[in-house]
C-alpha cells in the first residue's frame, strides 16, 4: 500500500464522512481577538489556548467580555479582528460539534419531551435517547408537561439535556446557574461534571467563586477585555497573579 | 332607529325561520372566506416567516411594499382578477369567472399581504428570542422557518383571523368576479349591497347583523383556542 495522500484516492473508495474518524476539535487557539462598539474595546486582543479535556472556568467582573468571548468561540459572534481556530476545522463545522447553554434558557413552546426531540431530530440523532437524557437531568416525570411551565432550575436542566442531546465535544455554559437556587445549582454542576468525566470539554462562565472552585480545572480571568490570567485552578485560587483577580476573589470592586 | 329595531326582529325571525336561501348565502360566505383564509395562510405564513428570518439588501423596501399591500382596494383586486379570469384573459381557460372559485381566488389575493405582513412582524419577535439558539444548533433557514411557524401557531391564529375578517367583510372583489348570482355566487356582503340598492333596508340590516354574529362566532372560537393554548403555556 503506497502512502498516497488522501486526495489521490478515488472518491468512491473514500470512507464516508460519518465513518471516518473525526479530526479533534481541540486545541482551540484564540488569537488577537478584538471587538469594539461605539469606539469602546469590549474585547481587546484576547489570546487563549484551550487544550483537550477538563473544565475551564471563565471569570471576571461585569463587562469584562466573558459572554462575548464565549459566543465568539462558539461562532455566534464574528470578531472585529483576530481569529478563533478550532484545530483548523471550518467555523460552521466546529459550531455543529459544540453546544451552548445560555443564562436564560430559550425553550420552545412545546412539551419537555418535544424540546429534546426537536434537537435530536435536527441533528439526525436517534430519538429513542430522549428518555435517557431526561432521566439524566431528572425531568423524565415531566416529559409531557409544557416546557414553559417549568421552574427556573428545571428549565435550565432541560436546556442542558438539549445541549447534551447534540453529543457536544465542547459544552459552553454562559452563567447557566445564575439566579438558580443552591440545590438546582448543584444538580446542574453534577450533570456538567458527569459530561466532563465522559470526555466533553467544558467551558463555563460564572461569577460564583465557590462554583468556580468546585468546577474548574483551570481558570481564565478576564479584565477590561483582556486575559489577565490563565492558570490551573490550584494555582489561581490560592495565589492569583494579577491585582484584578486578587481584588475579585477578595470581593473588592474591580474597575 | 325604527329600522334598526325592525332589523333585529327580522334578523331573528330569518334565522329562526330556517329559510334555505339564507343558510345557502351564509354557507357560501363562510365557504368562500374560510377557503381564502386557509389558502392565504398557506401562502402568506411561509413568506412572512422567511422574511422574518432573512436579512438581505432591499429588505426594507420589501417590508414597505408588503405593508402597503395590506391596504389593497378590493375593487382593484376584483378588477385585476376579472381581467385574468375573463374569457380573453390569460386564465380564462379555467372558466372560473362568476363562480365561487373566482371569489376565493380574489379574496386570497386580497388577504395574502395581510397574513404575510402581520405574521412577519409576529415571527420576527419570536425569532429575536430564538435566533441565537437556532444558530447554536446550526439550523438551516427552512428549519428555522418551520420551527417558528409551529411554535407561533397559536399566536398566528390571530393573523388568520385578521385575514378572515378582511375576506368576509369585503364586497368589492366578490361582486366583480362573482357577479352576485342568486343560488350561485351570492354571499352576505353582496346580498346586503343588493338589498340596500333595492331599498329593503331592514333586510339589509338583518343580513348585516347575521354577518356580525358570524364574525363574532369565528373570533370567539379562535379566542377560546388561544386561551386553551395559553393555559398550557404554549403561547
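Don't overthink the numbers, they just go from 1 along the chain as shown.
Keep in mind that glycine also has a Cβ here, set from the backbone N, Cα and C atoms.
Automated prediction, rather than curation, is the source of TrEMBL annotations.
Given the structure is predicted, the values throughout are model-derived calculations rather than measurements.
Given the ranges B:32-53, B:120-141, the record in TrEMBL names B:32-53 as transmembrane segment. Here the transmembrane segment (B:154-181) has Cβ contacts under 8 Å with residues 29-30, 32-34, 36-37, 40-41, 44-45, 48, 73-75, 77-79, 81-82, 85, 97-100, 102-103, 105-107, 110-111, 114-115, 118-119, 122-123, 126, 187-194, 211, 214-215, 218-219, 222, 225-226, 229-230, 234-235 of the same chain, all six or more residues outside its ends. With Cβ pairs under 8 Å as the measure, the transmembrane segment (B:32-53) is packed most heavily against B:97-118, out of B:60-85, B:97-118, B:201-222.
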